[in-house]
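Summarising the annotation, TrEMBL assigns active site, acyl-thioester intermediate to Cys98. Annotation comment: TrEMBL describes His365, Cys395 as active site, proton acceptor. What TrEMBL lists as domain 'Thiolase N-terminal' is 13-281. Taken from TrEMBL, the feature domain 'Thiolase C-terminal' applies to 288-407.
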Amino acid sequence: MSSGGQYLAFSDVAIVDAVRTPWVDLGGALGHISPIDLGIKVGREVLARAAIQPDQVDGVLAGSMAQASFDAYLLPRHIGLYSGVAQSVPALGVQRICATGLELLRQAAQHVSEGGQMALCVAAESMSRNPIAAYTHRDGFPLGGAVQFKDFLWEALYDPAPAMDMIATADNLAKRYGLSREAVDGYALLSHQRALQSQFGGQWAGEIVPVNSQRFELEGYQPRGIELPRGVETVTQDSHPRATTLAALSRLRAIHADGVQTAGNSCAVVDGAAAALVGSASQSQRPVLAHLLASAVIGVAPEFMCIGPTPAIQLLLQRSGLALSDIGRLEINEAQAAQMLAVTQTLELDNERLNCLGGSLGLGHPLAATGLRLVMTLARQLREKNLRYGIAAACVGGGQGMALLIENPAFIAR
């Protein structure tokens, strides 16, 4: 069993409701929109859909990995204000890389457990607006010296501690656990197929809110808004799901010469935002989406970063007194296909309960926002299938894993 790590249990904490935008591929219809405006969009939508008055919210938590606009420092505050939350309500920025969405829920649960009324959690990511950056040049450029600009989106995937990028950490797992390229591509194919089938079947309709061009007014302050590209009236569905074959995946070149990871079996780069409301289960005036029971977060070796979900889930189960067999569904972020095979192998977990609607390989991974997507997707599956417990988990760059345990409030024992 896992040792160390942090475990927190919660009582009377509920995810009231949650929504997200469509996930749209890099440079697509959401590519020029500030993550703040995407965050305002989902913040307003979740309040409206849950019929929650903004004055019922006494905390705003927001996360975004990239400094994707010049006002990025103000992202949590502006999302809260333009979502309609009272000016007196404080806002806090949260960051745990790919588990940021899970961390938002963890901190919101603590807020409610300690007497808070309701927290608005928002995660927004514009991968398309990651800057081309130059560091250490505040004093200017020396005559004849190198002028160095780098792609922040690409460079941020590199961890200088083990001197490798995130993809190499998945390749390390493939070597450690004897994962073949064919097996890795096979898992990727399953994810792509499930995501496409779920889209055709309307499985995402319950969580996606369409994005239109619109203006956000705030009395006494400058308006903000979303302006879609010319010719695009509305964005209604995820753009990445597509048909593929094992043969097509096998033809793609490995990113590292001695590795198994390719563009086809790694998570897609997308833009998007998600929001959730977290409050007291007993005081809710409407049926809630899920009960939030516990969280676990733990560190792992940076060079094997992708294995993080395994010890996080083990810690969560150990401390909560549950077995993996008690868990009806799991949503684990698909950073890389080799990562998923390593996690399922070490947990002795089959695919029948895992990422049943597809995951980030087929849908995409807008870093901060993915954790909220995992949980809302998980909660809706538990309700649809009358299953009691679910776990959402993610690996975290730098070497961490995080997991949340939720319960279906509508579960009926049979």
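Just so you know, glycine gets a Cβ as well, placed from its N, Cα and C.
Feature map: annotations from TrEMBL on the structure.
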| residue | record | Cβ within 10 Å |
| --- | --- | --- |
| Cys98 | active site, acyl-thioester intermediate | 25 |
| His365 | active site, proton acceptor | 25 |
| Cys395 | active site, proton acceptor | 34 |
How long is the line from the C-alpha of His365 (active site, proton acceptor) to the C-alpha of Cys98 (active site, acyl-thioester intermediate), rounded to the nearest angstrom?
8
Please state whether DSSP places His365 (active site, proton acceptor) in a helix, a strand or coil.
coil
DSSP residue counts for the domain 'Thiolase C-terminal' (288-407), split into helix, strand and coil:
55 helix, 34 strand, 31 coil
I need the CA-to-CA distance for Cys98 (active site, acyl-thioester intermediate) versus Cys395 (active site, proton acceptor), whole Å please.
7
For Cys98 (active site, acyl-thioester intermediate), what is the secondary structure state per DSSP, taken as helix, strand or coil?
helix
